[in-house]
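Student: Below you will find the structure I want to go over with you.
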């Protein structure tokens, strides 16, 4: 018997790394991924840019009047406008009468029409008045009338309102920050949801592609399927996290240019936790997506084989949106819901420092159990190419 | 040497492969023959470890085959394919890397094979841009790289054009000559007969016959053909013979008890002229039909 040609057997890279590298290389050079990323970046930059622009924009309102008394009031408002809201200025405009004022509003010659009425003053607008305009007009009118009344009573406005001021002394944060926390919390839930769906679908597709093209049997003969699964998930996660980091970086830079920049320091630790929960939750869900891919035989089957996981994601998403109070606290510990809810609670500041640690441990334990289960389903279903498999049938399959 | 001993696999109540044993000696081609559903693919999948065996073992150089061994077996599954959208060189290198080769080695060896199959200028083309025949060639390279320790090929010739069949046959012979055990399944009996040193014939999950071509022919019953100058109908009355066919002056008989053919010949000579009397060597396809019937 002759000896086969001398062959070097390199120690080599672990298989999962080889698989992950291919996933990353294929995805990073895929045109639709690149276009998708560019579009997403454009959207983020666009939204933040618009916010920053509209915040910094000064608004001038043309305020129509048709009587001498209204003229005095309009001029008084114009005088005080910038003190009340620095980005608002008021331009008094004279019109002949109420009908002319109505026409001016309809033709957008004026933004509002001010006239006196039995009980005080009326501001007429075509549609809902801008909140800035309403605030400036009502505050200015109130101050002017108050000053006039005080004068008539032989005193001053300051005398009258003395001791009536309610100072807000909030123990934690301030009200504007609370609003931002709220918005950021939902934004994170939405980011998680879309990232899971988008990257999950891509992963499931790449699994079914290997099945459909029949390359999987050659791979299965060469390497353990567990390594194939691990490589695919890790490769996918690297791409996902990479893309998220780009979005977050652009988002944060953008945010720091807006008036909301003051909120960043308060949110940084919560966003750090979000990344941790995102990673674990993402990997756990990825294994399920891989199973969905393995259960299908063709891309066309994917829609139905991925239904359970899209349902799960819907539950997580709407759970995050609608749970509050005790439900939210409980949900923030229950995996995989905790992957979304705990970061949201951290962002809105209602979770103590130890709570995310417990939630992460629970999520990890759940994840490990689920990954094992998914691995079994994946490796058994992967070599079955005759049509779509049910979860039950896949579980019963022998290796 | 690769050796299969007592491999058994059931699917539900159906026994797909039943106690199958055969050797795949180094330095030769072993042909694996059988109809659809005979159990060839299931057996090969068990050899590669893609499917678990319910009983039996596969051994390599005397020890039970390990995953690392299998990692360096060349395998062409019956259901095969590659990534349609990835450039061919990239995916061949990837498959070679999965099987433990370094990138540099893989690129070099794959480059040589691509040149040999006339695909040297298409390395950057995605697979789906190639003609079906060229896709088959890429598939062959995928099975052969990296320089395999053994080759397990399920229907490697199916779908190949005549040129590719010859190129494939040459490659298999070369590997066999280098001492690589090669086993391949095929429906093309003539091709198997021409190429293979050994044959394993399966039917209904069992090995019905195996050995070299000569062994198989020797095992088949002795057969003679007789042409007389008169009617040959009388041969039916002779003892110790099984008459396969008689038409006019011609007869084909099988020897049941030794020496009966000599009595037949002397009887024929006494009855009149004998125009032809010779030993019939059955073709492989005939043996195959008989053993699988």
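Don't overthink the numbers, they just go from 1 along the chain as shown.
A Cβ is built for glycine as well, from the same backbone N, Cα and C atoms used for every other residue.
Annotated domain 'ABC-2 type transporter transmembrane' per TrEMBL: A:31-373, in sequence order. Residues or ranges marked as transmembrane segment in TrEMBL: A:32-53, A:183-208, A:229-250, A:270-297, A:309-333, A:353-374.
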Student: Mark yes when the transmembrane segment (A:309-333) and the transmembrane segment (A:32-53) have three or more Cβ pairs under 8 Å (sequence separation 6 or more) and no when they do not.
Tutor: no
Student: What stretch in A:183-208, A:229-250, A:270-297, A:353-374 has the biggest tally of Cβ pairs under 8 Å against the transmembrane segment (A:309-333)?
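Tutor: The stretch with the most contacts is A:183-208.
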Student: Short question: which residues 6 or more past the ends of the transmembrane segment (A:183-208) have a Cβ under 8 Å from it?
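Tutor: Hits for the transmembrane segment (A:183-208): 23, 26-27, 232-233, 236-237, 239-240, 244, 247, 263, 267, 270-271, 274, 278, 281-282, 285-286, 288-290, 292-294, 296-299, 301-302, 305-306, 309-310, 313, 316-317, 320-321, 339-340, 343-344, 347-348, 378, 382.
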